[in-house]
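> Have a look at the structure that comes next, please.
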Amino acid sequence: MPLFDPDSGLLIVSGNVSDLSLSLSVSHCLTDVSTRGVALVPKLALDVGCCEVLRLMQLTDNFIVPISYQVPRKDFHADLYPDTVGHTPAMTAEDWWKGENKQVLTSSGLEASTSSSPLSTPSSSAAPSRSPSSTSGLSSGFLPSPSQSSRAIHSMLGPSSKFRHIQGAVLHRDTHITNLRGLHLTTPGECDGFCANGQRVAVPLAIAGGQIAVFELSQPGKLPDTALPTIQNSVNVADFCWDPFDTHKLVVAGDDAKIRVWQIPKGGLTETLTEPERVLRGHTEKIYSIKFHPHASGLLASSSYDLTVRLWNLETGEEVKRLSGHQDQIFGMAWSPDGKLLATVCKDGKVRLYDPRKSTLPVQEGPGPEGQRGARVVWVCDGKYLLVSGFDSRSERQLYLFSAESLASGSVASAPADVSPSTLIPFYDPDTSVLILTGKGDTRVYIYEIVPEAPYFMECSSFHSSEPHKGLCFLPKAECDVRDVEVARAIRLGKTTIEPVAFRVPRVKKEFFQDDVFPETAVWWEAALTAAAWLSGSNGQHRKISMRPKDMTPLSEAPKEAPVRKYLPSSVYLEEKTDEQKKEELLSAMVAKLGNREDPLPQESYEGVDEDEWVSKELTPQTHTPDD
């Protein structure tokens, strides 16, 4: 019974009922029981993650057995998976009778990948492989085919293929800051726990007076055992963040409803600071969180227990807007990418949108997470959607996606995470649509690619740390090593260490600039306009720059390699053999499978018994005593 796979050129031949072998064009597979029939599984059902190129279903007297053929490689290899035919017919029978000839479309790999669960991977739906059926010799029949492009990956894995195997790795110990002592581990849930920019990191300490230590990333190594210079806020710290347009300016919100603005001297802290540059007063109760405007310099938003969100102009120290409408604790807030809108998620179960320059009340609101343990919000997909990380009614962590145009309709998609008391803190990279989340005290970092259509959440590889961390803070895109295809750089705060973590996309041709992964990026670390200009109605956008080094050629402009033959000629791995030789090889393989019968029997090594005596005892059953 011959079966042929046109994608790989592999031919499978199986015999009749008594046959125990399956012959492939490059190897044999010996089965445990006789075969009554075999059938090929459709290509779109294969586990491409483990390089499964064929799967058969073997029918025996009592079972249906899956048999998997895998090429011994790691990850996904486009040369093994050309575009395959889909499930949609090209024409009707009547069209064919009329003389038409059309080919079945090969774009259904994306359709197959999106029809499964949003968080499922191809490996989750694949049947288990049987080790006797796997063949390492299969790889010898293939040569890499440069003609297969990235569209083969897209066809097989859908939108998640580009970042599905993203890898997180802690950088070398020489870049770490160690011997960190006295870390404050109980910051409020609305606070990220610590913050970093491209030059320095601020860490709260468990010392009276709301003290914050500042460390220069350019000065790694072991910290001294002696006391360090700090920033003294005189009250417990509620939240703090760096000015995105000034790496020396740190803004701290305290339990006393005040916001303090600190200026860090060049070169870092050399002495303890006790007097802030400016103090913002206006809130009547403790502050939840603070967020800088993404485009306007010196424009800050703050949320408070007084259930208001206030906007501040740091240049003048004045409150410029006061937003109301919340009925309970404000868990989180986020500015839209264009800087026009402000989104909030609240304990009262609502997600709200504000247009601060037009109204002090929300312009939209809709149902948010049911759980009341905490939540965060971030804008994704060019500002078309809001992603909220929160809890469901059973206190399990969940991700929710809302359309920014219709919050009242509720979430358009959701994805479960796990059970943990800490809120997942999201980071979103607009260049790659990659979402990275982790919580304070977690050891796992979740990674998704967010797409603006079903299935919305495309799960990627997770990053695991050996010990619980305080969280991750992400640095500007300019800090990434594009030569190593690094798409995000974070700072991980451990119990006693500060460690850089690189998130990389595995690529083969690293000598070329991967322009499909690195589009022009927004220079979000430079202001586009002033706070006064924004308040007067102006809107600014960040300029964009290319991340391509001058000495690197874009991958899209790489010279095309001459096509090579995909398959080795059969003469390379198969010799011309007679029927007798093939039969002898098959018998030898079957004997090897069942055990070599020419091996000496255990009794042949016994002493004191003649060989003819063993024969007589086998022919004539006798009763033996223990002495025998």
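Glycine residues also receive a Cβ, built from the backbone N, Cα and C atoms like all the rest.
What TrEMBL says about a protein is an automatic prediction, not a curated fact.
Since this is a predicted model, take the numbers as computed values, not measurements.
So TrEMBL lists these for the protein:
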COMPBIAS  107-150  compositional bias 'Low complexity'
COMPBIAS  619-628  compositional bias 'Polar residues'
DOMAIN    156-221  domain 'DUF1899'
REGION    107-154  region 'Disordered'
REGION    593-628  region 'Disordered'
REPEAT    280-322  repeat 'WD'
REPEAT    323-355  repeat 'WD'
> How about long-range neighbours of the repeat 'WD' (323-355): same chain, 6 or more residues beyond its ends, C-beta under 8 Å?
189-190, 288-289, 291, 293-296, 301, 303-305, 307-311, 361-370, 372, 374-379, 382-383, 386, 388, 390, 402, 404, 407, 423, 430, 534, 539-541
> Average the per-residue pLDDT over the repeat 'WD' (280-322) and send me the rounded value.
94
> Could you give the number of helix, strand and coil residues in the domain 'DUF1899' (156-221) as assigned by DSSP?
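Going through the domain 'DUF1899' (156-221) residue by residue, I get 8 helix, 22 strand, 36 coil.
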